[in-house]
Amino acid sequence: VQVLEMSHKAAPLEEGVDQLSQWRERCADHVADLKQLLDDCNDRVNSRTNTEETCHQEMCDYIHHLDECAMPKAFASLK
């Protein structure tokens, strides 16, 4: 998965709102393929009455790559 660089100066962050959450929202497009895998897995699990599948790995992959994009930007924007 390629994490694309995004200018942290693109638009100002909203004051008084968690910056990491804002950066995660801005980075979401860069991990859309992993989000789709997670959503597909959740749909599969929810459509079955008896399954051992948990989607844990898909969730870990999604969050890992989302935070790989968002964390450096959030820390760089701290005052």
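Every residue gets a Cβ built from N, Cα and C, even glycine.
Those TrEMBL annotations? Automatic predictions, nothing curated.
Look at TrEMBL and you will find 18-79 tagged as domain 'Ubiquinol-cytochrome C reductase hinge'. Residues or ranges marked as disulfide bond by TrEMBL: Cys27-Cys69, Cys41-Cys55.
Local packing around the disulfide-bonded residues Cys27, Cys41 was summarised as the count of other Cβ atoms within 10 Å of each Cβ; on this measure the leading residue is Cys27. When the neighbouring Cβ atoms lying within 10 Å are counted for each of the disulfide-bonded residues (Cys55, Cys69), the highest count belongs to Cys69. Here the Cα atom of Cys69 (disulfide bond) is found 23 Å from that of Cys41 (disulfide bond). If you measure from the Cα atom of Cys27 (disulfide bond) to that of Cys41 (disulfide bond), you get 21 Å.
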